[in-house]
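Remarks on the structure that follows.
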Amino acid sequence: MTSTSARPARRSRAPLAITAAIIAALVIAFFIFAGFYADVLWYDQLGYLGVLLTQWGAGIALFLVGFLAMAIPVFVSIQVAYRSRPVYAKLNSQLDRYQQVVEPLRRLAMFAIPAVFGLFAGVSASSGWQRTLLWLNRTPSGTVDPQFQLDTSFYMFELPFYHAVVGFASAVVIISMLGVLATSYLYGAVRFTGREVRISKSSRIQIAITAGVYFLLQGVSIWLDQYSSVVNNANGGLFTGAAYSDVNAVIPGRAILAGIAGVVALFFIVTAVIGRWRLPIIGTAGLIVASILVGTAYPAIVQRFQVEPNERALESQYYERNIEATRQAYGLADIEEIPYDATTDTTPGALREDAATTANIRILDPAVVGDAFSQLQQFRQYYQFGDNLDVDRYQIDGRVQDTVVAVRELSPTNTGTSWVNQHLVYTHGYSLVAAYGTQRTSDGQPVFLESGIPASGDLGDFEPRVYFGENSPDYSIVGGPESGDKVELDYPSGVDGADETYTTFQGDGGPKVDNVFKRLIYALKFQSEQIFLANQINDQSQIIYDRDPAERVGKVAPYLTIDKDPYPSVVDGRVVWIVDGYTTSDQYPYSQRQDMSRLIADSQQTQPLVPTDQINYIRNSVKATVDAYDGKVTLYAWDTDDPILKTWQKVFPSTLKPISDISGELMSHLRFPADMFKVQRAVLGKYHVTDPGSIYSNQDLWTTPNDPTATTEAGTPASLQPPYYLTMQMPGQDAPRFSLYSTFIPPATQDTSRSVLTGYLGVDSDAGSTAGEKAADYGKLRLLTLPNDDTIPAPTQIQNNFNSDTNVANQLNLLERGGRTSVVRGNLLTLPVGGGLLYVQPVYVRSTGDTSYPLLRKVLVAFGDKIAFEDTLDAALDSIFEGDSGATAGDEDVVPTTPVDGGTGDGATDGATDGGTGSTPTPAPTTSPSAPAQDVQAALDAANTALQERQAAYASGDLVAAAQADQRFTEAVQRAYELSQQQ
């Protein structure tokens, strides 16, 4: 009775389970669809929908090709093996049991097995969409390799594709063969009887033909490997390209092996006809033996007994190929080398001819003054500046000035915890702040040429709102009717910034969320039901996301490697982020392969544990801008000779604008990118010599010195000194140019470590200011080579000299005030002036308080063996050169003062200021060392009142009042905390 009643219950649950499974599948499918549809909306709004559709189209097409190319052969192979099975096969008991298990599932398995392998193959094939599109749209480079005389585009665009196709086809044949063998064995077409293997005729034909196809593919693969020898590492990885043993043993050997593989394939076809396995077995054994003898032993013998006894002479021409290709592939072919016999004499007036350079020496370190920008220009906790600021230049009063710039962005962690605040109210940062790189105030603060809220200064009128930046929130919902309530907090205003001004976004910055369906899509994408439910969202609302400039450029130009340091500029009345993009390859024949992430790592940029970005070709092919207000991305084709860029222009037509579209103002802010320069300096450390013998023996290696100002933990390798932007006149230049430079020293060994300069590399980073035309010398590399017998101290040695100088040490002790302040050393700059090398290092002082910021108090200068430590750079230069350097620095008019607090930068500003040229907001007064308890209680009471007002405002739907109350609450809590810390 119990059993009978249970069966209907189980049957009744079956439809419910099926229904639940269908619903779950639909929900999952809709989540996936939401992600895809959100991508469509994002790309379409930005005007790059074609980029997304091209990627999807290529991926889907390759998936289908891969799926069918795998599934059909596997299915046909299994079907043929099954249909040609023996009718009355003699099976043992074990096979009988296998058949009994498999037979009920046979039909399903015959379709499922090919489908499963097809899915994996399709996914694998679709991942190669870039490789396929490069092959379909390949563009000749006009340069041929020295071994096979083939255009280098063959190696970059064609050879990887051919290898991928042959590898994929080989996988298809192997899986098909496994399917044939398994089916034939299961149904008795292949039987093991003692020591014999009996194969039916039909199975023999199928297996032999499949094996023949496989060996034919292996022959093609081996043949292609000839060409791969010129892009692979040779001589144990010493250099990239085919060496003597490769050219004279490996390449001919691979041609022979490819021919043998073709003969073996023919033997298998013959076996399919005549039914004898002797020929293919002998052929396969012969191929294995030949692979050992011709492919391995013979090249090893040539290397051991012919090359190694006379390696330098025999490998010379191949090292020469490597040198020429490497310098060409990394953009070093046209470098100008200038012998520089640096003097150490400090005679009066020595800098007179370099007066234009000394006037532009930057004393403001962008890696140090971030806290000063924050304390003087942040104004509110919900704003922030980055730790490492950027260097740019602006024309002020008819003169181009180096500046340190930063964008006042939102600080997402300080915008409150409510969803409304985080995504509707606090939506954007405000304005760009710029300070003269060559000046400081009398008390050591930056001299701002653009500052304050609202923004004012020398940069003129521009759109100050920053909706897109490096630290923007993950998403914001902006926009609305002009006549509607303004809920987006714009900037603090009123007396001491006590009030707030609100605004409504009026641009076209993101997809519209003007209907319920789109709101549902983005609610799923960001996993926030508030997007779907919030009644503050209207039919003109837009959702802006993916706001990081580098990320936006990377999405619309997926073929680019993006520079790690986008920088902001005011261009044509807008704040724009300028982003550099690189085209790279690791298939340039004979060019040395390098890990890019390792080459660009320094004290300001960390290196990943496992680099995965090998390159041996790089071009700065694209300059991009991202509008900070509406996020518009504009791509400019910068290197029009680059074959990789030309190829991608065929893939994504109309996405790149020509150089002629670059305005003169934008051109004046473009610069040579630091990551590209770091790659070039690392390669040049070995390839500054063109003599094959020197490369072979590693006799004249150079390296970049470690950053003398960086601190590293025990066991952590020292970080390299980053390159620095400066306006200076190098030997070979007729006037000062905005430049990027670095220095070289001999590499340290187990026995010695010489901290002396061997070279000085600079690149002209000034693109000019002519619309649509970059300066003729832009990107020109100049290498100053110092005599080997000179002992000009390198940055690390100069820093040691500074630290060990008695006078400097005594003054530093006074600045540290018994531990109440700390001394921060700025970037140690090196300049080729006065016939020698001048070192300049700003010295900052800051207190140990949480709200302190660094103040520029001293400048260290060294020339030869002499050291000066003065209040200003101008005074230090005169001190070094016996009272008269013959030139002036940017801080010549500064009269240093010593404030009562010691000039340590205590206190923070928290109110808006008008700013202006050369103006500096006055820091808010610091509280007394011992704040009364009633002050703390008053702050807590204010916080409680603000909290109640915020809750009441939310209840009434008044978002503006709620945001204002939330800000008062945050400030009151912060004030209470600071007061409690002082008790």
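For all residues, glycine too, the Cβ spot is worked out from N, Cα and C.
Record features (Swiss-Prot):
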TRANSMEM  16-36  transmembrane segment
TRANSMEM  56-76  transmembrane segment
TRANSMEM  108-128  transmembrane segment
TRANSMEM  161-181  transmembrane segment
TRANSMEM  205-225  transmembrane segment
TRANSMEM  255-275  transmembrane segment
TRANSMEM  281-301  transmembrane segment
COMPBIAS  699-714  compositional bias 'Polar residues'
REGION    699-718  region 'Disordered'
REGION    884-936  region 'Disordered'
COMPBIAS  902-918  compositional bias 'Gly residues'
COMPBIAS  919-933  compositional bias 'Low complexity'
Among 16-36, 108-128, 161-181, 255-275, which stretch has the highest count of C-beta pairs below 8 Å with the transmembrane segment (205-225)? 255-275
Best-packed against the transmembrane segment (56-76), counting Cβ pairs under 8 Å over 16-36, 108-128, 255-275, 281-301, is stretch 108-128
Determine which residues of the chain contact the transmembrane segment (16-36) at the Cβ level, with the cut-off under 8 Å and only residues 6 or more beyond its ends counted. 520-521, 524-525
Can you tell me how the residues of the compositional bias 'Polar residues' (699-714) break down into helix, strand and coil by DSSP? 0 helix, 2 strand, 14 coil
